[in-house]
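Notes follow once the structure below has been shown.
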Amino acid sequence: MLLETQDALYVALELVIAALSVAGNVLVCAAVGTANTLQTPTNYFLVSLAAADVAVGLFAIPFAITISLGFCTDFYGCLFLACFVLVLTQSSIFSLLAVAVDRYLAICVPLRYKSLVTGTRARGVIAVLWVLAFGIGLTPFLGWNSKDSATNNCTEPWDGTTNESCCLVKCLFENVVPMSYMVYFNFFGCVLPPLLIMLVIYIKIFLVACRQLQRTELMDHSRTTLQREIHAAKSLAMIVGIFALCWLPVHAVNCVTLFQPAQGKNKPKWAMNMAILLSHANSVVNPIVYAYRNRDFRYTFHKIISRYLLCQADVKSGNGQAGVQPALGVGL
């Protein structure tokens, strides 16, 4: 089947985003795995975020391409393709929320931080968050789906019979996942509240940090440490802001589709494609932010690329090691 120009451009851009997402986020995982200075509880949550972004490139984007082209498949196969990206999105949101709480504890209760936040606890939290993400993302399999309307409009059965369970449906997102689920449960219930909580947390972090910096009795070492923590919080708040900017357009389109059905039916395909591309492009951004904002990540990225891709000798930093400060706590 020949693709229209618009569809061909969409597929090409999705493939570019997928390649960049996988490459960049595998690099993040490798950096944390190989550099001792990057192995902190905060970065374990960032690895969880990177793992979700790798899965976006490997699975969610190919699934999105399949759905955009409207191939015919059985209902539950199409529903799985549609729901898988919801699992990854929810995992990303939970990982960002965990990072925000982690930074809040680091700045607001610094003396208890190391005893409260350990690597083992961080890994346990990550496991729980992924289980919750799968539960939320796969909720349509419990019945909140469009099976009745989809099978009433099936194209053809698998074996030429009229058996509804074997019915082939045109695999489009809106054919299998109801907008009521996407807006009321997914957006209003599972996306917007964590984003608002993160906004409150980061505002609180900056207020507390600024108040502490104004204390004249603060020792030079404590002041430097606090400035690093503020720098880290700014970097992570930037990641949350970019996430919101990338994902809110597609949720806005879903809201229009649900609350203004007439306009929703007539929405241009290119607008929906652009919103989807923007949401997927978010998976490319985080490694760029890490490299730009953090010396340890930047050095380790350079070291990995030089050693394994360019087959060059190890890169040496000024002191012969991959930075000396905790990740995301180093000023540039």
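Our numbering is plain: 1 for the first residue shown, then up by one each step along the chain.
Glycine is no exception: its Cβ is also placed from the backbone N, Cα and C atoms.
On a predicted model such as this, the values are computed, not experimentally measured, just so you know.
Noted in Swiss-Prot for the protein shown:
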- Glu174, Asn254, Ser279, His280: adenosine binding site (BINDING)
- Cys78-Cys171: disulfide bond (DISULFID)
- Asn153: N-linked glycosylation site (CARBOHYD)
- Asn163: N-linked glycosylation site (CARBOHYD)
- Cys311: S-palmitoyl cysteine (LIPID)
- 1-8: topological domain 'Extracellular' (TOPO_DOM)
- 34-43: topological domain 'Cytoplasmic' (TOPO_DOM)
- 68-78: topological domain 'Extracellular' (TOPO_DOM)
- 102-121: topological domain 'Cytoplasmic' (TOPO_DOM)
- 145-178: topological domain 'Extracellular' (TOPO_DOM)
- 204-235: topological domain 'Cytoplasmic' (TOPO_DOM)
- 260-267: topological domain 'Extracellular' (TOPO_DOM)
- 292-332: topological domain 'Cytoplasmic' (TOPO_DOM)
- 9-33: transmembrane segment (TRANSMEM)
- 44-67: transmembrane segment (TRANSMEM)
- 79-101: transmembrane segment (TRANSMEM)
- 122-144: transmembrane segment (TRANSMEM)
- 179-203: transmembrane segment (TRANSMEM)
- 236-259: transmembrane segment (TRANSMEM)
- 268-291: transmembrane segment (TRANSMEM)
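Looking only at other Cβ atoms within 10 Å, the busiest spot among the recorded positions Cys78, Cys171, Cys311 turns out to be Cys78.
Below 8 A, the CB atoms of the transmembrane segment (79-101) and the transmembrane segment (9-33) form no more than two pairs separated by six or more positions in the chain, fewer than 3 in all. As a quick check, the transmembrane segment (9-33) and the transmembrane segment (122-144) miss the bar of 3 or more Cβ pairs under 8 A, pairs 6 or more apart, so the two do not touch. Residue pairs drawn from Glu174, Asn254, Ser279, His280, the listed adenosine binders, are separated by up to 18 Å at the Cα level. Fewest other C-beta atoms within 10 angstroms, among the binding-site residues Glu174, Asn254, Ser279, His280, are seen around Glu174. The residues of the topological domain 'Extracellular' (260-267), classed with DSSP into helix (H, G, I), strand (E, B) and coil, number 5 helix, 0 strand, 3 coil. Straight-line distance linking the Cα atoms of Cys311 (S-palmitoyl cysteine) and Ser279 (adenosine binding site), rounded to a whole number, equals 34 Å. For the topological domain 'Extracellular' (68-78), the model's average pLDDT works out to 85.
Residue counts for the topological domain 'Cytoplasmic' (102-121) by DSSP state, with H, G and I taken as helix and E and B as strand, are 17 helix, 0 strand, 3 coil. A straight line from the CA of Ser279 (adenosine binding site) to the CA of Cys78 (disulfide bond) spans 20 Å.
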